[in-house]
Amino acid sequence: MSLSLWQQCLARLQDELPATEFSMWIRPLQAELSDNTLALYAPNRFVLDWVRDKYLNNINGLLNTFCGADAPQLRFEVGTKPVTQTLKTPVHNVVAPTQTTTAQPQRVAPAARSGWDNVPAPAEPTYRSNVNVKHTFDNFVEGKSNQLARAAARQVADNPGGAYNPLFLYGGTGLGKTHLLHAVGNGIMARKPNAKVVYMHSERFVQDMVKALQNNAIEEFKRYYRSVDALLIDDIQFFANKERSQEEFFHTFNALLEGNQQIILTSDRYPKEINGVEDRLKSRFGWGLTVAIEPPELETRVAILMKKADENDIRLPGEVAFFIAKRLRSNVRELEGALNRVIANANFTGRAITIDFVREALRDLLALQEKLVTIDNIQKTVAEYYKIKIADLLSKRRSRSVARPRQMAMALAKELTNHSLPEIGDAFGGRDHTTVLHACRKIEQLREESHDIKEDFSNLIRTLSS
């Protein structure tokens, strides 16, 4: 039995799984083959349980394919394989991009560290954590739209500076990126109370750099940011067109990565789509793991409302939560704001929270939402996105270049409007409701299988909800 068996499995899994899933769950595994047993070592219990639950059948199937009746037994363990073994020689196209193409700045010895905003500075800087203790993994509502992002963030909290460095989270406004940043910070400090974890908005980094330049304290600024254990920066897209800030962050990024210090970044778009940011930075943003957070699906929106109501000791009937979630779809922040308004109105008036009461309390918000998202608007937006004509969406043409956008538009109409399936079908050239149902199921399936379709859906949701 060849020691290349696990390499063969890696190559096949890389072809079969979405890139994000492969990077997050399969790449960190180490393997040891002995006595007809293939031992897979996971970095922690969380990864072990996830792999065993989600990918056990995939791996066993590949072992049977490659070995037949001689397939080894699988064994999962937490930790690393014995150092005497040399099995983990990954397939070349599985290896993460090399990070040695650019000269990196020299690290400052610990004895020389100092705080940048006090001159003369103390020997050891005072770190402004800025991590919000209220945002934890426990009160982050998980759903299909954010499951991978939460899992990746949890991994980083348990193993900072490890495989997912940097971690880049992207998605629209109000979807939970900032919550996860704080949750990671809290997780790291819970495991290591003395960890130097710094959270900030990207604009604060720029402001601190400007202040350091004004005070002739740029070296202290560098030492401060390059000596943290974890740097969590929100909305990195605000570095756009700030050349000096990008230059300084470029060297800070290199220094932190060289020291195995964790970097987590968030943005409202995929790294390569950030305009005004240097290519060398955008390339580095993708060195670790990049994960999208999508707008929450209906079930997650309902769960968010129920959890928020419970935190406020408010009894929210399920049908009321469903009514709100069905009509407000863009992001978590909008949902929570709507619920806060409902709760405030109920407290002021002493009335029970019913669907009629919610319809009255949120009448302007609901009217605006219905006005913004119409089937006509969806058709126009989808046609422009795919560079086809609206008439094509309504036609009987079945070529993939037309059929797929038509299915996407139908799925968006079901997701973003309150129209019934027959009404949606009628708006798309008089199609039957079963055609609409098939389109919705097809797009849901493709979102699981195709990164491009998933990105298209997210981009269109963002455009239509903005």
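In case you wondered, yes, glycine gets a Cβ from its N, Cα and C as well.
Some features that Swiss-Prot has for this protein:
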| type | residues | note |
| --- | --- | --- |
| BINDING | G174, G176, K177, T178 | ATP binding site |
| REGION | 1-86 | region 'Domain I, interacts with DnaA modulators' |
| REGION | 86-129 | region 'Domain II' |
| REGION | 130-346 | region 'Domain III, AAA+ region' |
| REGION | 347-466 | region 'Domain IV, binds dsDNA' |
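When Cβ neighbours within 10 Å are tallied across all protein chains shown, the highest count among the binding-site residues G174, G176 belongs to G176. Secondary structure at K177 (ATP binding site), as computed by DSSP, is helix. Annotation for T178 (ATP binding site): spatial neighbours H135, D234, T266, criterion Cβ-Cβ under 8 Å with sequence separation of six or more.
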